[in-house]
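Participant: I'd like to ask some things about the structure below.
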Amino acid sequence: MAVAMSSTCPGLYCGRMMVNGSVEGECGVCPRGERANLQKVCERCTESPELYDWLYLGFMAMLPVMLHWFFVEWYSGKKSSSALLQHITAMLECSLSAVVTLLVTEPIGMLSIRSCRVQMLSDWYTMLYNPSPDYVNTLHCTQEAVYPLYTIVLIYYAFCLVLMMLLRPLLVKKIACGLGKSDRFKSIYAALYFFPILTVLQAVGGGLLYYAFPYIILVLSLVTLAVYMSASEIQSFKHLFAKKKRLVVLFSHWLLHAYGIISISRLDKLEQDLPLLALVPGPALFYIATAKFTEPSRILSEGGNGH
């Protein structure tokens, strides 16, 4: 009762309900889609997500697509036609899941969402900030202060999983005849592992990912591009243009580089930030320019001659 009679609510996320223009009730958790304002009154979230919020959602939406593609490529062997169809199907599954997720999120039936503005890291972990006004009883105010950025990703993963289970087995059974029965569904089995991992990652590390994802994209895209070019023994532009697949991989990584740069800069000042996109081809060009100097066989032969 002491909490209810207090002029303001304790804690960062506790608030009172607004009923018919007047503040009523005890301090507590705000309903979903609302968060406590500075006056500790639950206020409906009506803002649209910022560009950075959309980029974060895009990153979380890309993760299952890229993992699908990786495992399809990994297990398809030399059946390139089979792999291509599975790549397209995975893209369609995730795209359809994204559209359905937006449609079922408020405002329902529209490809837009209303959100609460992310103010600090603790907004993602409100369960850690339940106050104890009398140091004995805890006032539970756990809520989605970053509505709907936390739950919308989990809903999207659920739709991805359902659509994959409905569509992919039929497709794989039809087209992957060249693969053995045990290999045929391995890319699907892999997804049954990585979807729970992605879900736990979002549930536990969503806030950390929100602030770190631009740097994660840049680092991972640079490392994977270097590994791919090394594994494919690409040491010149001639090697690069020898196969169309290599160009597809290169341009995909360039898109990821650009995505990371845009996410870091947030395009606050276009005249300053857009020229940064000219750096996108830099790592690939640097690799090709220096690959011949770091060829292991050349280093070994020079070392042998030195002896």
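Using N, Cα and C of the backbone, Cβ positions are placed for all residues, glycine too.
TrEMBL entries are annotated by machine, without manual review.
Annotations per TrEMBL:
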TRANSMEM  54-72  transmembrane segment
TRANSMEM  147-167  transmembrane segment
TRANSMEM  188-209  transmembrane segment
TRANSMEM  215-234  transmembrane segment
TRANSMEM  246-262  transmembrane segment
TRANSMEM  274-291  transmembrane segment
Participant: Rank 54-72, 215-234, 246-262, 274-291 by Cβ pairs under 8 Å to the transmembrane segment (188-209) and hand me the top one.
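Facilitator: It is 54-72 that shares the most Cβ pairs under 8 Å with the transmembrane segment (188-209).
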Participant: What parts of the chain pack near the transmembrane segment (54-72), using Cβ distances under 8 Å and only residues at least 6 beyond its ends?
Facilitator: 83, 86-87, 90-91, 93-94, 98, 149, 152-153, 156-157, 160, 164, 186-187, 190-191, 194-195, 198, 202, 209-210, 213-214, 217, 259, 262-263
Participant: What residues elsewhere in the chain lie close to the transmembrane segment (246-262), defined as a C-beta under 8 angstroms and at least 6 residues from its ends?
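Facilitator: Contacts of the transmembrane segment (246-262) (Cβ under 8 Å, skipping residues fewer than 6 from its ends): 55, 58-59, 214-215, 217-218, 220-222, 224-225, 228, 232, 234, 239-240, 273, 276-277, 279-281, 283-284.
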